[in-house]
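Visitor: Here it is, the structure, as C-alpha cells.
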Amino acid sequence: MTKSNQIKWLNSQSIIYLVVTLFAFSSFALGLEVYSLQDTAKLIPKRNSDILNSLSSQMNRGKPDKGEGDGDNKCPPCFNCMLPIFECKQFSTCNEFSGRCDCIEGFGGDDCSIPLCGSLEDDNNNRPQRSENDTSCLCEDGWGGINCNICEEDNVCDIFMPDESVKGTCYKNGMIVNKLYQGCNVTNEKILQILNGKLPQATFSCDKKQDNCNFQFWIDEIESFYCELDTCQFNYDINSNSSHYTCENVECKCLPDTMLCGANGSIDIGEFLTEEIKGPGDFICDLDSKNCKFSEPAMNDLITTIFGDPYITLHCESGECLHYSEIPGYKSPTEGRNMTLRGKIILTMTSLAVLAIATMTVFYISNSPLFKHPIFLGDDDETLSRDLNDSENFLKNELLTTFSFENINYKVPSADHKPGETVVLEDITGCVKPGQMLAIMGGSGAGKTTLLDILAMKNKSGTVQGKIKINGIEIPQKQLSKLIGFVDQENYLLPTLTVYETVLNSALLRLPRSMSMIAKQARVIQVLEQLRIYDIRDRIIGDEFQRGISGGEKRRVSIACELVTSPLILFLDEPTSGLDANNANNVVECLWKLAKDNNRTLVLSIHQPRSNIFNLFDKLVLLSNGHMIYSGDTITVNDFLINSGFKIPMNYNIADFLIDITFDNQEKHNKGSSNSRDIEQGISVGENDTNVLETHTLDRSTTQNEWEHFAEHRDEIRGLLVEDGEQEHEGLRSNANVSNTDMLVQKYKESGYYATLQNDIREINNFNNVENETMISQLELPSTYKPATFLEQLSILCSRSFKNIYRNPKLLLANYVLTIILSLFLGTLYFQITIDISGFQNRMGLFFFILTYFGFVTFTGLSSFSQERLIFLKERSNNYYSPLAYYISKIISDVIPLRLIPPVVMTIIIYPLVGLNNDDNSLIKCMIILILFNIGIALEILSLGIMFENLNNSIIASVLVLLASILFSGLFINTQEITNIVFKNLKNVSIFYYAYESLLINEVRTLMLKERKFGLNIEVPGATILSTFGFQVTHLIYDIRILLIFNIVFLIVGYLCLKIIVIERR
C-alpha cells in the first residue's frame, strides 16, 4: 500500500482503528511480540480485521519466522482488491478504503465470483451464497433466474417502494426503466449441439442511470465469462415493439478453469475475450416474442467462424420492480382526458334538444289561441246567433234567489289580549229579493265590509252568529260559493295581462263548459261595453313599475270579472270606490240593469253614493258602529227619519245625510228640526219627494248644484242641526249620554218598519217551504252549466302564466344570463382541471358552489308567489279554479322554466371547459342530478313560501333551512364521524347531502387520482378519497332515488300547504 493510500485509509477510519494499527506497527518495530496483528484483529469487525491481516502479511514479508527461517510455513496473503494479485470479478468496484469488492447484485464472495441465492429483497451481504456442491440456487417465492435477481410476482416488489402504503409492480415486458434484470437461454442450434446437452445461458442487467450493462455467460448455471458494457443508449421502437440497447465499449473476461476458459483442457478464449472484444455491443429484443440477439463485431466473427451463426440468439425473461406509474406506456390521469366522441355527440345532441324545446315552446305559446286572444265572433250568423242565445239562456236562469239574514252577530277577541270579546256587529237583519239591490251603508268603521263578508260566508277570524238563508233555507258555505260572485274592495289583477285577457280568463274559467268560445267572447265584449272599458281592452293592467290603466278603470275590470258570469247573487264591496261620479253612476246603473233584466240578487256596500245612485237601491241596511239603524226599503227611509225627528235639508244629498246622522257624539246630537232656517229647509218625504226617490236619474245641473251647495254649507248645516236638535228634543232623552246610534236603533226596533221586516222574513221562511227545500237540495248548477274542466283550467292558467313570463321576462332572462355568465366564469376558473388530489379538492369546491348557487337562486320563487298570493286567495274564494290546477300550472310555467333549463345550460358549458369525467354517461347523470336537486330545492322553498304569509318570515325560514342543509352536506363535517344520534341523522333530511354525494360519486369514483410522493406518481382511487370524506361510493343510484323522493314529498307538501293554509280569512 502506498503512503498516500495509507493516509486516505487512516483518514477514513474511526479513531479506535487508528490506535490499534499504530500499536501493532510499534510492536513490530521494537521486536516485541506482545500482540500480533492477527490477535489484534479479533478485537475489531471482520471486514476491518481482513484489512489488518492484509497489512500484517505485507509487514511480515521481511520478518524471519520463529522457526528455521525457510518460507514453506509462511501464511498466504489475505484478499485485498487493492493488491495487484487480487481482482474483483464481474467488473465489480473495489472499495479502496476497505480493500473489499463491492459486488454487483446477485454475486458475492471475496472476489464476487460466487452466485447469490434468495432474492433481491436482501442486501448482498445478507443473501446466501450458492455452495460449490449446488448446481443451482433455491430462490425465494416470487423470484427466479440463475442468481434470483428476476421478479416474478407483484407483491415481492412492495419492499422496494418508498412507503408501505405504496404497492409495487413486477414489470416483465423487457423495456428498461431504471434497472432491468434478464435471464436468457441461448438458442443457437450449433452451440447447443456442440455443448451436447449442456444448457448455455446468459444473464443481462442494465442500469439506465449509469448507462452501463453487465453480461454473464453460463453453461449449466456455471459462469464461464462476463462482460461489462458502458456508454449505453436505450431505445425503443414503437412500430416493431422492440428494444435496442447500444453500448460503445465492451470489455470481457474469463473465469479461469471454467468451460470455454481452460477447464479440463477445454478451449480457452480468455485471451480472445480480453484482447479482441472491444465493442460496440448491441442487444436487441422483440418484446412480443421475447427473442433477442447479442452482437459485437469480434464475437460475431468468432461465432460465425466456429458455429456458423452471425450472432448469439437468445430467448429472454425479464423482471423489474416498479411503481405502476413508471411502467412504459402508462398514461397519467392528467393525460388523455379529452372528451370522447360519444361524449361530444351527447353534449351536442343535448344542446340541440334544449334549443329545440325552448324554440317550440315559445312558438307554440305565442301562437296559441289563448295567448293571441283574437276577438273573433264568427262568420256564420246562424252559429253566432245560437251561441249568443245560449249565453242569454244561461244569464236568464230560471232559478230565482231571495236572500235573507237574521240576527247577525260578530265578535272578535279583545285587543291587547284582554279578557272578553269585542262586539263588531250586533243583531243585523235584512232581506233582498230577485231583481233587487241591497245597499249596506254607514260611516267609516261602521262594519259594512265585515257584514258583507259574513253574508258572502267568507272565512272570518272571529265568531259569527245568526242565520243566512236563500229562499228561506240555510245552505252550507260550499254550496253558496258556487252561486255567488264577490268583488273585493281592492283590485287583485295580474299586471301583465290586458283588460280583455283578464275578463276573458274569468269567463273561460267560470262560464259553463257547454258555451262555445265565441259565446264567451261575446259575453266578455258585452260586459266591457256595459262598463265602458271596451276601448281600453288591449291595454295592460299595469302596476307601480309599469304604466297601465287608471285606478278607476282597474276597479271596473274587477267588477267585469264577476259580472261576466252573471251570478245568482253578486256581492260587491264598495264598487264605486276610486271612480268619479259619472263612472260610479255607470257602474251602478249596469248593476241595476243586471238585477232587473236577469232577476239577479245584488248586495253591495257603499260609502257615500250620489243621490241618483242612491235612488237605484231597492233595499237599504244602515249601520253605525256595528248597530243596525235601519233595514228595509230604500223608499221608506225618509219616513223613518221624519218619524224619528230628522229632516233632510233642501238640496242635500240624502246619502250624505244618512252618514251624518250616524256619527255619535255624546254631547251633541245631530238631529233635524221642523223650524230650521232657510239654509236647512228639508225635503219632506211626503207627496213632494216621493217622485224624487223613485226617479233614477238627475239632470247634470241639479247634481252639480247639490254637491256645490253641500261643500259650501256642510259644516253650517251640521251646526244648525245640532242646535235645533238640542232645543226641540231635549225632553226625548232621559240620559244626556245616549248617542244618536243608540237612539236610532231603539227608534227603529220600536217602529213599524222593523215589524214589516220581520214579517217579510217570516213569509220568506214559510212560503212553499217544501218546494224550497227541494229546490235548495238541488241548488247547484246543472251539469250543462258546470264550469271549465280540470284540464281546461290547467290550460288557461298555464297560458296566463306564460303570458306573464313572456311580457315580463326580466326574472327569466336574468336567471338564464346569470347562469351562462357564471358557467363561463367557473369554466375559466377551473379550466381543464387535473386528475390529482388538488383536482379532487377543486371538484369538491366546484360542485358545492354550483349547488349553493342553485339553492339561493330559488329564493326568487318566494317573491313570485308572494305577489300572486292575494290574487290566488281572491280567485280561489270566487271559485275560479281548483287549487290543484293552479299549483300544477305554477309548477309547469314557473318552476320548470326557471329550475330545469339552467342546470342543463350550466352542465353543457362547464363540462367541456372544466374537463370533467365523461365516462359511463357521467354527463347525462350530472344533468339529472342537478335538475332533480334544483327542482327539489325550489319546491322546498316554495313550500316554505306557501306556509308563511309574510314574505320576510318565509325568507328567514328558507335561509335557516338552507344553511342547515348545507352544514350537513358532507363538506363541512364528516357525517360518518358524528356520534350524536340526532345530528348523525340530520343528513338524512338534507337534500344538499344527497345531491353533493351523488355528484362527487358520479365524477370521481372511476378516476385514479395522482399524487407526487417520494418522487413517484402515486395514484389513489377516487373511491378511496370519497370514503375518507364519509361518502358511500356505492350510493349513486340510491342518492338519485332519494332526490326523486324529495321532489315528490315537497311537491305533495307544497300542494297540501296551498290547499289547507292559503285560505281567505277576513
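Here the Cβ of each residue, glycine as well, is placed from N, Cα and C on the backbone.
Here TrEMBL flags 403-650 as domain 'ABC transporter'. Annotation comment: TrEMBL describes 15-37, 345-365, 813-833, 845-865, 885-914, 926-948, 954-974, 1014-1034, 1040-1062 as transmembrane segment.
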Visitor: At least three Cβ pairs under 8 Å linking the transmembrane segment (1040-1062) and the transmembrane segment (926-948), pairs spaced 6 or more in sequence?
Guide: yes
Visitor: Six or more residues beyond either end and a Cβ under 8 Å away: which residues meet both conditions relative to the transmembrane segment (926-948)?
Guide: 350, 850-851, 854-855, 858-859, 861-862, 865-866, 890-891, 895-896, 898-900, 902-904, 906-907, 911, 916, 954, 957-958, 961-962, 991-992, 995, 998-999, 1002-1003, 1039-1040, 1043-1044, 1046-1047, 1050-1051, 1053-1054, 1057-1058, 1061-1062
Visitor: Report, as numbers and ranges, every residue of the chain located at least six residues beyond the transmembrane segment (954-974) whose Cβ falls under 8 Å of a Cβ in that stretch; write 'none' if there are none.
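Guide: Those are 844, 848, 851-852, 855-856, 859, 862, 866, 937, 940-941, 944-945, 947-948, 983, 986-987, 989-993, 996-997, 1029-1031, in sequence order.
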Visitor: For the domain 'ABC transporter' (403-650), what's the model's average pLDDT?
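Guide: That region's mean pLDDT is 88.
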Visitor: So, does the transmembrane segment (885-914) come close enough to the transmembrane segment (845-865) to give 3+ Cβ pairs below 8 Å, pairs being at least 6 apart in sequence?
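Guide: With 3 or more qualifying Cβ pairs, these stretches touch.
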Visitor: Going along the chain, which residues at least six beyond the ends of the transmembrane segment (885-914) come within the CB cut-off of under 8 Å?
Guide: 339, 347, 350-351, 354, 358, 790, 793-794, 797-798, 800-802, 805, 811-812, 815-816, 819-820, 822-824, 826-828, 830-833, 846, 850, 854, 857-858, 860-861, 864-865, 872, 875-876, 923, 926-927, 930-931, 933-935, 938-939, 942, 1051, 1054-1055, 1058
